[in-house]
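> Below are the structure tokens for one structure; questions will follow.
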Amino acid sequence: MAADNASSVTEFILSGLTDQPGLRLPLFFLFLGFYMVTVVGNLGMITLIGLNSHLHIPMYFFLFNLSFIDLSFSTTVTPKMLTSFVSKKNIISYAGCMTQLFFFCFFVFSESFILSAMAYDRYVAICKPLLYTVTMSPQVCLSLLLGVYGMGIWGAVTHIGNIMFLTFCADNLVNHYMCDIIPFLELACNSSYINLLVVFFVVAVGIGLPITTIFISYGFILSTIFHISSIEGRSKAFSTCSSHIIAVSLFFGSGAFMYLKPPSVLPLDQGKVSSLFYTIVVPMLNPLIYSLRNKDVKLALKKSLDRITF
């Protein structure tokens, strides 16, 4: 449904993170710094995995895609947010807003499901090590990845379809630093309980299915680890999962806090602050978590730096 058919609004004004002029410049430089770390960290991880043949295994295949998703996710949101700190009116067209919302939803869902694919990979590696090569064959990894991006498309298309049926009568000020679903539901003049129910259902699937997969995988992993007799063996098994557990906790914790509570429980202004965590902070932290806590990545980084130095 086109913008001119659905509503009299052809563009939106994003209110941004703060309306206090004194905070705008410090916040601009703070989030610019975050974005630069995100870009360098994730591009670095993609390059390291691509250039080092000993990292061409399923675990790093998924990590490569996680870094790509994080980089793209951050790029979908951050540049437009930075604009709000330096411009008087941060205007975005209806088409531009829908495009940002589509890619935002696509990358959120993709990240959610890539984390569950990584949990399944760890389950096979620890619980069925002798069958690992067969079970996590290139064909299986590719099928899992297609499932990840397929669910990303499903989530994005469903949310966009839900928003497209809304009518925006006069008010075009979006109380957010990006085009997100909840602010649109508050802004629309024909928003109903059904629209909110659709959002809740889609988000519940996007969080529920991956979380269930992750919990089941780690249930089997913990059971296997407790049956390992040597302390060294247990420690090694735990260390291979620790980075992933941290990444999962950060992403799903902040996402659930934002979307799986009624708007009355979490006011939108507080929601903006909590959404900063999974849109800006998590994509920045993931490459740091995986590089600082992973011997293979640190070894690959050392080798790459030695080559450059040589």
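Quick reminder: no glycine exception, Cβ is built from N, Cα and C everywhere.
The domain 'G-protein coupled receptors family 1 profile' annotation in TrEMBL covers 41-290. Taken from TrEMBL, the feature transmembrane segment applies to 27-48, 60-79, 91-109, 130-157, 193-226, 238-260, 275-292.
Relative to the rest of the structure, where do these features sit?
This prediction places the mean pLDDT of the domain 'G-protein coupled receptors family 1 profile' (41-290) at 86.
Tertiary neighbourhood of the transmembrane segment (27-48): same-chain residues 17-18, 55, 63-64, 67-68, 70-71, 74-75, 78-79, 81-82, 85-86, 280-281, 283-284, 286-288, 290-291, 297, 300-301, 304, selected by CB-CB distance under 8 Å and a gap of 6+ residues from either end.
Taking Cβ pairs closer than 8 Å, the transmembrane segment (130-157) reaches residues 58, 61-62, 65, 101-103, 105-110, 112-114, 117, 120-121, 124, 202, 205-206, 209 in its own chain, all 6 or more past its ends.
Tertiary proximity for the transmembrane segment (275-292) is limited to same-chain residues at least six positions away from its ends with a CB under 8 Å from its CB atoms, namely 17, 31, 34-35, 37-38, 41-42, 44-45, 63, 66-67, 70-71, 73-74, 77-78, 81, 104, 108, 176, 178, 180, 243, 246-247, 250-251, 254-255, 258, 298, 301.
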> In the same chain, who gets a Cβ under 8 Å from the transmembrane segment (60-79) while lying at least 6 residues past its ends?
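That would be 31, 34-35, 38-39, 41-43, 45-46, 49-50, 100, 103-104, 107-108, 110-111, 114-115, 117-118, 121, 141, 144-145, 148, 177-178, 247, 279-280, 282-284, 286-287, 290, 296.
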> Do any residues of this chain, six or more beyond the ends of the transmembrane segment (193-226), have a C-beta under 8 angstroms from a C-beta of it, and if so which?
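Distant contacts of the transmembrane segment (193-226): 108-109, 112-113, 115-116, 119-120, 122-123, 126-127, 151, 155, 158-159, 162, 165-166, 181-182, 185, 234, 237-238, 241, 245, 248, 252, 255-256, 259-260.
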